Amino acid sequence: MAEKDNFKSYGHSTLWMSIYIITFVTGFPANAVALYTFVKKVRQKAIPIDILLLNLSISDLIFLLFLPVKIKEVMDNMIWQMPEFLCFLTSFVFYTTIYNSILLLTAISVERYLGVAFPIKYKLKSRPLHAVIASFFFWVISIGHISVVYIMESSHPFNTTNTEYMCYSDFTEDQLNILILFRLELFLVLFCVPFFICSFCYIKFVCILSQLPNISKRKRLRAIGLSLATLLVFIVCFTPYNLSHIVGFVNWNNTPWRVDALISSVLNASLDPIIFYFSSLALRSTYHHFLKTLLERVQGLWCRCKTLSWPMLVCPRNQNKITPSSNDNSL
């Protein structure tokens, strides 16, 4: 119950609620637009980077769909009061999508590096099918690893006499002994290896791009900035939680501050669309179109509401239509 006490002591309920709501409100519409754009683009002309970004947006959306369940959990002060199967399913989806995002971001870094380091060879040999196979492999690896979460939870039935059960926190000693080793494997295989690959690819990407003379300074700085920002998102979002696995292994316990370290991983779902935005011209156009349409509809709704309250008020759009005729009359 250390996590529950820690949650209460520092008022984490408000912090977690804020993080979850901000992530959901910003991440869901942004990823939905990204999904729409990448599906449309892949249907027209599929390229590897778009397929990887498409899978990343799907992963984020699945994660976000289960965020309301986590919000309810926070509202109940981390005491699980929902159906039993939701605990298993939410934990499974939560951690599967986190590690799947790590693998997909790593693949994106490799794709960018190969495109700069071996431009001609990569352009000739790269196929959309390669990205499809890689994405499928990542989903299988993530699901296969995190299925342990479901097994651990399902092998530990709810204690009906315990009114303060915490989902994926209350483990027996035997379960914890297995889980600590499993988390160490997650840290080494699904975080350290991708982290070193991602770091190598982006560092080499920046070095190569800095030496290319035939690229404008603006494009070079933009590409370098995007690479460094993506690497920074990777480090900030996934390092704290995965470090808790090492601390748990060293201390051989269920690290109490794991719940805090997970905050940064949650934010990844709302930060990925920023990477999408600067990675795809088509997505930037779609975002601008949706934003323009939304602003026009909000302005139109505001005008209609104001017109009902003050009939003499004329909306700006109507004024624009009247202006030419009034000018003609004055002439």
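Here the Cβ of each residue, glycine as well, is placed from N, Cα and C on the backbone.
TrEMBL has this to say about the protein:
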DOMAIN    30-276  domain 'G-protein coupled receptors family 1 profile'
TRANSMEM  15-39  transmembrane segment
TRANSMEM  51-69  transmembrane segment
TRANSMEM  89-110  transmembrane segment
TRANSMEM  131-152  transmembrane segment
TRANSMEM  186-209  transmembrane segment
TRANSMEM  221-241  transmembrane segment
TRANSMEM  261-283  transmembrane segment
Report summary line: Spatial neighbours of the transmembrane segment (89-110) not adjacent in sequence (6+ beyond its ends, CB under 8 Å) are 49, 52-53, 55-56, 59-60, 62-63, 66, 69-70, 131, 134-135, 138-139, 141-143, 145-147, 149-150, 153, 167-168, 186, 190-191, 194, 197-198, 201-202, 205, 227, 230-231, 233-234, 238, 241, 265, 268, 272, 279
Query raised in the report: Counting Cβ pairs under 8 Å that sit 6 or more residues apart, are there three or more between the transmembrane segment (51-69) and the transmembrane segment (221-241)?
Result: no
Report summary line: The mean pLDDT across the domain 'G-protein coupled receptors family 1 profile' (30-276) is 89
